[in-house]
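Record features (TrEMBL):
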- Ser144: active site, phosphoserine intermediate (ACT_SITE)
- Asp96, His348, Asp387, His388, His499: Zn(2+) binding site (BINDING)
- Asp96, Asp195, Thr197, Glu339, Asp344: Mg(2+) binding site (BINDING)
- 1-27: region 'Disordered' (REGION)
- 49-70: transmembrane segment (TRANSMEM)
Amino acid sequence: MAPNEPLFAGRRGSSIHSEERAEDEDTALLSGQKVATAPKNRYHFWREVGLFTWAVVATAALIVLAVLLGQQQTIPQDGKSSKPTGKRNLIFMVSDGMGPASLSMTRSFRQFQGTLPFNDALALDQHFIGSSRTRSTSSYVTDSAAGATAFSCGLKSYNGAISMLPDLTPCGTVLEAAKKAGYMTGLVVTTDITDATPACFASHVRIRSEEDLIAQQEVGEHPLGRVVDLMLGGGRCHFLPNTTTGSCREDGRDITKLAQDIFGWNYIDNREDFDSLKLGSAVKLPLMGLFAEHDIPYEIDRRNMNDKYPSLEEMARTAMNALAAATQDSEKGFFLMIEASRIDHAGHGNDPAAQVNEVLGYDRAFASVIEFLDNSDVEGVMVATSDHETGELHPEYPHYGWYPQVLANVSHSSSYLAGQLRLHIGQTVDHSKNFEDDESRKADLAKYINEELVQKGLGIQDATAEEIQRVIDVPPLASYTFADMVSRRAQIGWSTHGHSAVDVNIYGSKGSDALRGNHENIEVGEFLRTYLDVDVQAVTDELVEKSTTLRSSAISGDWFGHIPTEEEIRFASMHYERLYPDAL
Ligand SMILES: *[C@@H]1O[C@H](CO)[C@@H](O)[C@H](O)[C@H]1NC(C)=O
Ligand SMILES: *[C@@H]1O[C@H](CO)[C@@H](O)[C@H](O)[C@H]1NC(C)=O
Ligand SMILES: [Zn+2]
């Protein structure tokens, strides 16, 4: 029986009418005969008993099925777009900075590494449905803040805007509207939980650099109160007071304490506590897990760190299981946003080995979401897209060559190795001598770079003296130099260290047909609110009203942070290029 047949479609109990009606007609015919005349023969009698029994059994079976499935079925409304009634879950996935070229490179790399046939596809590939145009109001090339505002509010805004509009007023988000409607909500990322993409769902500030304010709003010091039930990721430093080591806050407020004491959060910050969540079966909401001061390490590095940090897939599974359990007895399901945040960072760093492993980690998390939906008895949809592309890479390069073995030989990201170099230089500095005149120390450093970083870390055995010298000459750019050494050998070209305006892909599970084809990014946002059937405009109205009347009893200053300069907006998309510590 096709799930969309009117049979299961709406109200339970009475919803079995069509088949029942056909059955009624049969039995009416029979009973008509029965009333008129006594059964003429045994055959007729047994046929009647048989049909009656069948009708009883079928009706009972249908009632059981209707009770089991009743709330999950969809009513086709206008043939094309169908909106479910009853309980449902929505999982929205973002691959920050992932463009079509990173996909081609990753697919090909995976085939090479696993000796798979050339038609082997990623889990993502099997759910490709369309593409999205990404420009913002301030630029043809968007940043993650304007990109995520398009998803969260369904509206275009300027680069750097965290769910704020060009007139500097807040716009309600799909997560906030979902929370108000009774859904449970979650955010899972591999970068700071205060970074632009997650911030756009649960906070409102005029420029993305206001991460201290974003942290406060995310835990509940927000015009609407606490709107998030689960947060997993990095960015702990924005929650710790400036008197603590590992803090990056400007003030002395302890947001982890505020979260626990005032807003009731359960707070964890390490792998052991993450393991005790048992992939979600032992979670108490609200839960905030911040596993790194800043970013969770790149997948290529993380997997060599004794599992100190959870992977995106582990966090995604934990979040889905926890939210499903918490909504088990609720009429509403959950809304969860999962972001592979650092595909973008690997793009900024032009580091192909780090990027393919980030995309593969995302693909595994993506597969776990599909698996969850397949096994869930609650109606659910997954939509996945990117905010923009970063770096724009072309596996073709000048000679149409592509050497995936080069990437397979790399065991660490370039930024990690640059960090090792910084540490090494810090530890071996001899202030009694001038480095320029210290030939033996120069030779030692060259040997360390070649043997420990280039040969072991990058898997490159044929580094030239010029390449090593380039690292020694400009240590702050070591990360770019390492990435460039790998890219050249693999014959991968990068056009920029920044974002590009290329259309990005949209992926979706069953039920996401409305997003087939080419769309503006705000149409993805529209899909999210339509699927959940929530009133985002009512949230906007409430935010606007509260921002003028309530202006800050708990907070000194403005709810939404300072007004950005034109330069701050112009450079929003280069945020990481300028501030990413390893690139400096
Ligand atoms: C820490 O924050 C307080 C305000 O809460 C400020 O007065 C102080 O200067 C800050 N200290 C540092 C080292 O930034
Ligand atoms: C990869 O590493 C192996 C082992 O060190 C080496 O023999 C091979 O030449 C490397 N390949 C490339 C393309 O760097
Ligand atoms: Zn970026």
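Cβ atoms here come from the backbone N, Cα and C positions, even for glycine.
Source: prediction; values computed, not measured.
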- request: Any same-chain residues 6+ apart from Thr197 (Mg(2+) binding site) with CB under 8 Å of its CB? Would you list them in sequence order, or say none?
  value: Val94, Asp96, Ser144, Gly147, Ala148, Val189, Met337, Glu339, Ser341, Asp387
Message: With the Cβ atom as the reference point and anything under 6 Å counting, tell me which of the binding-site residues (Asp195, Thr197, Asp344) are near ligand 3.
response: Asp344
DSSP three-state assignment for Asp195 (Mg(2+) binding site): coil
Field: The one of Asp96, Asp195, Glu339, Asp344, Asp387 whose CB sees the fewest other CB atoms within 10 Å, among these binding-site residues
entry: Asp96
Query: Distance between Asp195 (Mg(2+) binding site) and His388 (Zn(2+) binding site) at the Cα atoms, whole Å?
result: 15
- prompt: Where does His499 (Zn(2+) binding site) sit in DSSP terms: helix, strand, or coil?
  reply: strand
Task: Give me the Cα-Cα distance between His388 (Zn(2+) binding site) and Asp344 (Mg(2+) binding site), rounded to a whole Å.
output: 9
